[in-house]
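> Okay, here's the structure, questions in a sec.
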Amino acid sequence: MIARGVMLGPDQPVILHMLDIPPAAESLNGVKMELVDAAFPLLKGVVATTDVVEACTGVNIAVMVGGFPRKEGMERKDVMSKNVSIYKSQASALEKHAAANCKVLVVANPANTNALILKEFAPSIPEKNISCLTRLDHNRALGQISERLNVQVSDVKNVIIWGNHSSTQYPDVNHATVRTPAGEKAVRELVADDAWLNGEFITTVQQRGAAIIKARKLSSALSAASAACDHIRDWVLGTPEGTWVSMGVYSDGSYNVPAGLIYSFPVYCQNGEWKIVQGLSIDEFSRKKLDLTAEELSEEKALAYSCLS
């Protein structure tokens with residue numbers, strides 16, 4: 001997708017830097033061979049390496065897909081401690097070797113907290129340049145609404161994912177609309193089923209990743225890659241007028257979310273920068289959901305920081 005211009009547009013040449021762990025060096029080289037064989041016009045070079053310094057040198061955009069997955073019998077603290085050490089070393093390499101205005105997207109879980117650790121250990125990268133992926137959840141919410149209403153997914157906009165990329169996230173349709181022949185209509189009005197929107201819809205989006213693992217015995221691949229491309233494309237090239245997307249970004253206290261967490265907000269992007277959409281009304285049901293996921297992120301943050309000592 002990146003080599004085809006899906007991420008940065010059809011006119012932007014790219015050099016791909018691909019980093020993997022030493023045991024995967026051979027298969028990584030196989031990926032490089034395939035990229036060469038595909039003869040992508042926009043692909044001006046491929047660096048396939050197991051050396052973090054070589055991978056980070058001069059990069060303008062870093063998509064961090066590597067992390068340590070939770071295995072059976074592992075406590076959250078064990079997973080956190082593994083990821084803290086991974087993100088500490090990646091952060092140091094980006095800090096020293098990436099391009100000055102490098103944009104970073106963290107995909108690997110726990111994504112919000114991994115992004116926070118990365119921010120901690122790459123102090124010269126501006127906090128506005130470090131984000132985590134909740135666009136997959138955002139796209140899942142769009143998909144569920146489009147299926148429920150039997151409309152094109154491109155006609156649905158402005159759903160919101162609040163909070164953590166975990167099962168406490170809050171998929172919110174209170175401000176979402178659908179383009180219809182009679183003009184834009186509110187999703188809540190068209191669905192006309194609050195019990196579904198406040199119940200099954202939320203849990204389906206929250207647990208979609210687990211459902212995919214159950215179905216294909218592997219975690220989301222295509223949808224996650226596509227969402228990462230969407231996230232970076234909108235961040236770099238801008239969101240359409242009147243449309244917002246969900247990004248895990250550094251909280252400034254908006255919507256009474258504790259400052260200093262990486263939290264998913266509705267954002268719009270222009271000139272390569274994101275801004276949190278302000279002034280949206282939050283009802284009591286939503287307020288509880290926003291606070292619950294913030295609480296989980298505060299606990300994760302405390303756990304991550306305890307792994308640093």
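Note: Cβ is positioned from N, Cα and C throughout, glycine not excepted.
Below are the features listed in TrEMBL for this protein:
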type	residues	note
DOMAIN	16-130	domain 'Lactate/malate dehydrogenase N-terminal'
BINDING	ASP20, ASN83, VAL107, ALA108, ASN109	NAD(+) binding site
BINDING	ARG70, ARG76, ASN109, ARG140	substrate binding site
DOMAIN	134-302	domain 'Lactate/malate dehydrogenase C-terminal'
ACT_SITE	HIS165	active site, proton acceptor
> Please report the distance from the Cα of ASN83 (NAD(+) binding site) to the Cα of ARG70 (substrate binding site), rounded to the nearest angstrom.
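Per the Cα atoms, ASN83 (NAD(+) binding site) and ARG70 (substrate binding site) stand 10 Å apart.
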> Determine the most Cβ-crowded residue among the binding-site residues ASN83, ASN109, using a 10 Å radius around each Cβ and all protein chains in the structure.
ASN83
> Checking your reading of the structure: which of the recorded positions ARG70, ARG76, ARG140, HIS165 lie inside a 10 Å Cα sphere centred on ASN109 (NAD(+) binding site)?
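Those close enough are ARG70, HIS165.
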> For the recorded positions listed here (ARG70, ARG76, ARG140, HIS165), tell me which residue's CB has the most neighbouring CB atoms inside 10 Å.
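Per the Cβ count within 10 Å, the most buried is HIS165.
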> Can you tell me which of the recorded positions ASP20, VAL107, ALA108, HIS165 is spatially closest to ARG70 (substrate binding site)? Compare CA atoms only.
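Smallest Cα separation from ARG70 (substrate binding site) among ASP20, VAL107, ALA108, HIS165: ALA108.
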> How do the residues of the domain 'Lactate/malate dehydrogenase N-terminal' (16-130) split into helix, strand and coil according to DSSP?
57 helix, 20 strand, 38 coil
> What same-chain residues, at least 6 away in sequence, bring their CB to under 8 Å of the CB of VAL107 (NAD(+) binding site)?
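VAL63, MET64, VAL65, CYS132, LEU133, ALA224, ALA228 - these are the non-local Cβ neighbours of VAL107 (NAD(+) binding site), listed in sequence order.
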> Across the whole of the domain 'Lactate/malate dehydrogenase C-terminal' (134-302), what does the mean pLDDT come to? Round it, please.
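Its mean pLDDT is 97.
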> Just to verify a number: CA distance, ARG140 (substrate binding site) to the residue listed as 'active site, proton acceptor', in angstrom, no decimals.
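Spelling it out, the Cα of ARG140 (substrate binding site) and the Cα of the residue listed as 'active site, proton acceptor' are 12 Å apart.
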